[in-house]
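Visitor: Got a structure here, written out as structure tokens. Questions coming.
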Amino acid sequence: MNDTPSRLPLNRTTILLLVLALAVIWFVPLGWRHLLPSDEGRYAEMAREMFVTGDWITPRYNGYKYFEKPPLQTWANALTFAWFGIGEWQARLYTALTGFAGVLLIGFTGARVFNAATGVFAAIVLATSPYWNLMGHFNTLDMGLSFWMELTLCALLLAQRPNLRTGCVRGWMWVCWGSMALAVLSKGLVGVILPGAVLVLYTLIARDWAVWKRLHLIGGLIVFFAIVTPWFVLVQQRNPEFLNFFFIVQQFKRYLTPEQNRPGPFYYFVPVLLVGFLPWLSVTLQSVRHAWRLPRQPNGFAPVTLMLTWTVFIFLFFSASHSKLLSYTLPIAPPIALLIGMYLPLVTRDQLRRHLAGYALFLVAAAFGALFLPRFGSARNPAELYAEYRTWVLAALAVAFVLTLAALWLNRRSRAGSLGAVATFGAAWLLLGTIAGTGHDVFGRLSSGAPLAPAIKAEIARLPADTPFYSVGVLDHTLPFYVDHAMIMVEHPDELAFGVSVEPQKWIPSVDAWIERWKADRYALALIPPPTYDRLLKEGLPMQVIARDSRRVVVEKPLAVPGGPAAVTPAPESAPVEKAQQ
């Protein structure tokens, strides 16, 4: 469709080297960071519990039924644990694989629907955009959802190319329907509602009624329901309360009401996208104008109109929602990358020089701003942590600056075209995100509680297998994963309120009731926020500190010692703190 010369030294060796370089940068750092609350810890722990219990139908979190989302990613993570062991990089592997596959998919689609140059540039844009890069290394559901929705869109684009054999059209449409089903199993009805709404809007905007004749509706619906139905049937059979909570509460009330307490103004996602595509902002508007002027395909299908409809509608859909998170608009990243990839082969050497020079200056300004990071210090995240993180940020900016200068040199010296310069500039931002993201672990190791885990696990191993582990007034999203042990909720069920409501025998509704249980237990462990621990210590509750940090205290029920004190002096705040001596 776009026959503009690519000016690129494209060959299989070049593409293979780019893919291999991306794979190394993409996958090697997966285990370099601790898991972050809440999403990373939650979905890792759900997969661990599924793997340990062998129950692949009823998802559980911290031992409680958890029906907020379907189980596709939990299945994938549990399989990863079964194959490679339980750990941090294993918990992120599915997310990283879907993010990496999304880059290859947008490159393949761009090459087949438009031309080879578009495919290569679109892949570079997507891989190096901070939005896609960072979310591809964070264990949350939105990258998996975005990949399956991207496959839905790309399969539709590939199926609607002119002069395809009927069997080829049918095959790609079955892929489209199947990926839509997997999107539903990733996060729910958005996996089918959003693509369906986009197709209807596209039909009205483009007046392309013929596209419906090429959707293979009957066969596609069979594929869709064959994939999506079994789990919903099985989980409802085992859990009669599932359908109402999943569909009414989580799918509709979550969008229509502020119950989830995740508010945001209508423009919430504007800065998300501006930062998420920061390296390519200077060419974004030109890319849209260029794409809009392209003609339709000979069969009347308008791929650019479909991509723009997809992008605008999904952006507006989540902007209107009462529940907003940064990652919700991630499914629009692939078509944005493809639109930019269509334009980049047309950029002149002088235009690219101005682009690169502007970003070099931006990196210098960002480095100056990074010097003031310690001023963001607080009681929760002290200035010392920001000072440590500043070193990582400055290193990341320095690497990006050097590579941007290298891109300027390549743009000036190369006669083969812009691929080398653009790829080097993309590498600058890919490494910037990777280094700065890795350095963020100066905060992550504290919030995860992982440094406390060895002391806690050693104590768990010493105690009887049925020793209860209480979580008093707080839901810690990461510590259960690191200590390989679910916890009994006390007083504050947090997001486990539904699980508590259907299995009330598994929790304790008040701290006073827990104190009575604690006194009756022969062996017991508890996770307690420091202010609550200090209060209980003053009240004389028998507790013995195993480990603590500034955010949590883990104690055990001390064995009675004749004539000994009921409680011990609190241990100093260090991680981990060994068991205090009586």
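Cβ atoms are placed via backbone N, Cα and C, with glycine included.
Found this in TrEMBL, in case it helps:
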- 561-572: compositional bias 'Low complexity' (COMPBIAS)
- 69-231: domain 'Glycosyltransferase RgtA/B/C/D-like' (DOMAIN)
- 453-557: domain 'Aminoarabinose transferase C-terminal' (DOMAIN)
- 561-582: region 'Disordered' (REGION)
- 12-32: transmembrane segment (TRANSMEM)
- 93-110: transmembrane segment (TRANSMEM)
- 116-134: transmembrane segment (TRANSMEM)
- 172-205: transmembrane segment (TRANSMEM)
- 217-235: transmembrane segment (TRANSMEM)
- 266-288: transmembrane segment (TRANSMEM)
- 300-319: transmembrane segment (TRANSMEM)
- 325-344: transmembrane segment (TRANSMEM)
- 356-377: transmembrane segment (TRANSMEM)
- 389-410: transmembrane segment (TRANSMEM)
- 417-437: transmembrane segment (TRANSMEM)
Visitor: Please indicate, using numbers and ranges, the residues of the same chain that are 6 or more beyond the transmembrane segment (417-437) and have a C-beta under 8 Å from a C-beta there.
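Guide: Here the qualifying positions are 6-10, 14, 18, 21-22, 25, 29, 33, 120-121, 124-125, 127-130, 133-134, 137, 278-279, 344-345, 347, 349, 352, 356, 359, 392-393, 395-397, 399-404, 406-408, 410-411.
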Visitor: Quick check: do the transmembrane segment (325-344) and the transmembrane segment (356-377) share at least 3 Cβ pairs under 8 Å, counting only pairs 6+ apart in sequence?
Guide: no
Visitor: Hey, which bits of the same chain come close to the transmembrane segment (172-205), Cβ under 8 Å, at least six residues off its ends?
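Guide: Cβ under 8 Å, 6 or more out: 69-73, 141-142, 144-145, 148-149, 151-153, 155-156, 158-159, 211-212, 214-216, 219-221, 223-228, 231, 246-247, 250-251, 302, 305-306, 309-310, 313-314, 317, 331.
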Visitor: Within this structure, do the transmembrane segment (356-377) and the transmembrane segment (300-319) have 3 or more Cβ pairs under 8 angstroms, counting pairs 6 or more apart in sequence?
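Guide: These two segments do not touch.
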Visitor: Over the domain 'Aminoarabinose transferase C-terminal' (453-557), what is the model's mean pLDDT?
Guide: 96
